[in-house]
Amino acid sequence: LTEEQKQEXREAFDLFDTDGSGTIDAKELKVXMXALGFEPKKEEIQKMISDIDKDGSGTIDFEEFLQMMTAKMGERDSREEIMKAFRLFDDDQTGKITFKNLKRVAKELGENLTDEEIQEMIDEADRDGDGEINEEEFFRIMKKTSLF
């Protein structure tokens, strides 16, 4: 993380840490989540804390918070990269990757794919059965194949 990103995370942490104890407990996390428009249940709050709480203290300290934020920022960056790739396929800007889009990209990359192979690729990623690949389907398949 850059110094600026660390500073942003420190400011966010300090906002959550309402009593200034240097840690975020379940009550503080619930208040902050509600302020952000979420309504997490008590179990969800406990799970969030246990997922982040590496030392088993039952609270989140700044180091643990920073590790979580670093991971989240990494996810955001890879999502942006995947969406850039999606837009390269979706050259007609329909919000979907069609058979025609995929065939064009394969040809540009010098891949000699048959129409059947292209259709198989679409079928593999197409979760809603509309015959095209939307952003979520593309994101999912890219994550699944670990290309990002």
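Each Cβ is built from the backbone N, Cα and C atoms, and glycine gets one as well.
The domain 'EF-hand 1' annotation in Swiss-Prot covers 4-39. Within its own chain, the domain 'EF-hand 1' (4-39) is flanked in space by residues 45-46, 48-49, 57-62, 65-66, 69, 73, which lie at least six positions past its ends and keep a Cβ under 8 Å from the stretch.
Per Swiss-Prot, Ca(2+) 1 binding site is recorded for D17, D19, S21, T23, E28. Around D17 (Ca(2+) 1 binding site), the same-chain residues at least 6 positions away in sequence with a Cβ under 8 Å from its Cβ are T23, I24, E28. In the three-state DSSP classification, D17 (Ca(2+) 1 binding site) falls within coil.
Distant neighbours of the domain 'EF-hand 2' (40-75): 1, 5-6, 9-10, 12-13, 16, 21-26, 29-30, 33; these residues of the same chain sit at least 6 beyond its ends, with a Cβ under 8 Å from one of its Cβ atoms. Per Swiss-Prot, domain 'EF-hand 2' is recorded for 40-75.
Summarising the environment of D55 (Ca(2+) 2 binding site), the number of other Cβ atoms within 10 Å of its Cβ, over all protein chains shown, is 10. The Ca(2+) 2 binding site feature in Swiss-Prot is assigned to D53, D55, S57, T59, E64.
The average per-residue pLDDT of the prediction over the domain 'EF-hand 3' (77-112) is 91, rounded to a whole number. Taken from Swiss-Prot, the feature domain 'EF-hand 3' applies to 77-112, supported by sequence analysis.
Residues or ranges marked as domain 'EF-hand 4' by Swiss-Prot: 113-148. Non-local neighbours of the domain 'EF-hand 4' (113-148) in the same chain are 78-79, 81-83, 85-86, 89, 95-99, 102-103, 106; each lies 6+ residues outside the stretch with a CB under 8 Å from one of its CB atoms.
Feature annotation from Swiss-Prot assigns Ca(2+) 3 binding site to D126, D128, D130, E132, E137; the stated evidence is sequence analysis. Around the Cβ of D130 (Ca(2+) 3 binding site), the same chain contributes K96, each under 8 angstroms and 6 or more positions distant in sequence.
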Would you mind reading off the Cα separation of D19 (Ca(2+) 1 binding site) from D55 (Ca(2+) 2 binding site), to the nearest angstrom? 21
Number of Cβ atoms other than its own within 10 Å, given for S21 (Ca(2+) 1 binding site): 11
Let me make sure I understand the structure: which of the binding-site residues listed (E28, D53, D128) has the fewest other Cβ atoms within 10 A of its Cβ? D128
Count the other Cβ atoms sitting within 10 Å of the Cβ of D126 (Ca(2+) 3 binding site), across every protein chain shown. 18
Cβ neighbours within the same chain of S57 (Ca(2+) 2 binding site) - under 8 Å, at least six residues apart: T23
